[in-house]
Amino acid sequence: MIPGNRMLMVVLLCQVLLGGASHASLIPETGKKKVAEIQGHAGGRRSGQSHELLRDFEATLLQMFGLRRRPQPSKSAVIPDYMRDLYRLQSGEEEEEEQIQGIGLEYPERPASRANTVRSFHHEEHLENIPGTSENSAFRFLFNLSSIPENEVISSAELRLFREQVDQGPDWDQGFHRINIYEVMKPPAEVVPGHLITRLLDTRLVHHNVTRWETFDVSPAVLRWTREKQPNYGLAIEVTHLHQTRTHQGQHVRISRSLPQGSGDWAQLRPLLVTFGHDGRGHALTRRRRAKRSPKHHPQRARKKNKNCRRHSLYVDFSDVGWNDWIVAPPGYQAFYCHGDCPFPLADHLNSTNHAIVQTLVNSVNSSIPKACCVPTELSAISMLYLDEYDKVVLKNYQEMVVEGCGCR
């Protein structure tokens, strides 16, 4: 497919997509009703031809988004605040970036520099006390990473744990505790209680009197599970207190739903595994900076006499095609498109190639040779935050989605 024309299929959907329930896996009924109305005014197409076009568009769009089937998010799906904040930081919108910096979140420059996809995973609520350890001091977490595509190469992974300030004891502000993260090398059933076989991945000595998220590098374990296809027995988290006055072991580190502080915020404060990967298509998640968010519509200045090749406004609203149930952000974006004449002689501002100049020259004396065409000459990427077909939250960079410049080619 010609680069730059992929996203134009979204617009073409409103002209060609029509089919029965058997072909509705990607485009829901709301979008198809709009298409049917448009086709009714345009004369429509034969049913068989429309079904075939629908299948072709569906397969192409699924491949473009890296999905096996259309996501059908459940009502219980949770979008971690971290992923929303990461999207805002990556999008580079100044007003939102200032708000995020106010809560102390920093953009992960190093992991993101080698990735075009960020995925988040919650453990499967299969929380187990590790045999032989102190009560509530060590836990094992199982993260199901089977939804990561085979062609996606993981470069790094991190485990995020939320910890709350400890205010128990007369000298609580002098205390420290250590958080150790291990990879479980063998399942608990195969080892003697109290002697779980693990390897240390990361450790941190933290002060009691701070409330914040802690990030731990678990890349070695995740790379073993994804690249080397080794069995995934999960991660073990151990909290060791170094202060003489005993506190409620582990209860200030949010690794359990049954904390006395309440479970209403558990969905946002539970442990989060984040992977950074690249599927081999396009560039990494480079951080963009923009002064202001682009408005939904950009009316062009009146150019009654100028019909030459130029960029025109084209806003793609994901709700129009029924994708707003699984695309979290953005709600839509300004894609733009190129349209206009490429008259002889070609002016410098039409951004023409030498071949286009020669072709236009020949066309001026031989009309059987077509004129040069007005096409995109520069395209840029957008970031999308969405729920995949497994209800996992994904932040992905998609190339060639926005027309930045047009020219005669």
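Placement of Cβ uses the backbone N, Cα and C atoms for every residue, glycine included.
Taken from Swiss-Prot, the feature signal peptide covers 1-24.
Among the features that Swiss-Prot reports, phosphoserine is placed at Ser91.
In the three-state DSSP scheme, Asn144 (N-linked glycosylation site) falls into the coil class. Around Asn144 (N-linked glycosylation site), the same-chain residues six or more apart in sequence whose CB sits under 8 Å from its CB are Phe121, Glu124, listed in sequence order. Swiss-Prot lists Asn144 (among others) with the feature N-linked glycosylation site.
The N-linked glycosylation site feature in Swiss-Prot is assigned to Asn209 (among others).
Per Swiss-Prot, region 'Disordered' is recorded for 284-308.
For Cys374 (disulfide bond), the Cβ neighbour count at a 10 Å cut-off comes to 23, with all displayed protein chains included. According to Swiss-Prot, the feature disulfide bond maps to Cys309-Cys374 (among others), an assignment based on similarity to another entry.
Here Swiss-Prot flags Cys338-Cys406 (among others) as disulfide bond, drawing on similarity to another entry. Cβ neighbours of Cys338 (disulfide bond) (same chain, under 8 Å, six or more residues apart in sequence): Cys309, Arg310, Arg311, His312, Cys374, Val375, Pro376, Val403, Cys406, Gly407.
Within the same chain, the residues at least 6 positions away from Cys342 (disulfide bond) whose Cβ sits under 8 Å from its Cβ are Asn308, Cys309, Leu350, Ser352, Ala356, Thr360, Lys371, Ala372, Cys373, Cys374, Cys408, listed in sequence order. Classification of Cys342 (disulfide bond) by DSSP places it in coil, neither helical nor stranded. What Swiss-Prot records for Cys342-Cys408 (among others) is disulfide bond.
Following the DSSP three-state reduction, the secondary structure of Asn351 (N-linked glycosylation site) is coil. Within its own chain, Asn351 (N-linked glycosylation site) has Thr377, Gly405, Cys406, Gly407, Cys408 as residues 6 or more apart in sequence whose C-beta sits under 8 angstroms from its own. Residues or ranges marked as N-linked glycosylation site in Swiss-Prot (evidence: sequence analysis): Asn351 (among others).
As annotated by Swiss-Prot, N-linked glycosylation site applies to Asn366 (among others), with the evidence given as sequence analysis. On its own chain, Asn366 (N-linked glycosylation site) has no residue at least 6 apart in sequence with a Cβ closer than 8 Å to its own Cβ. Under DSSP, Asn366 (N-linked glycosylation site) is assigned to coil, being neither helix nor strand in the three-state scheme.
Cα of Ser91 (phosphoserine) to Cα of Asn209 (N-linked glycosylation site): a distance of 33 Å. Of all the recorded positions listed (Ser91, Asn209), Ser91 sits in the most crowded Cβ setting, with the most other Cβ atoms within 10 Å. Comparing Cβ neighbour counts within 10 Å across the disulfide-bonded residues Cys309, Cys406, Cys408, the minimum falls on Cys406.
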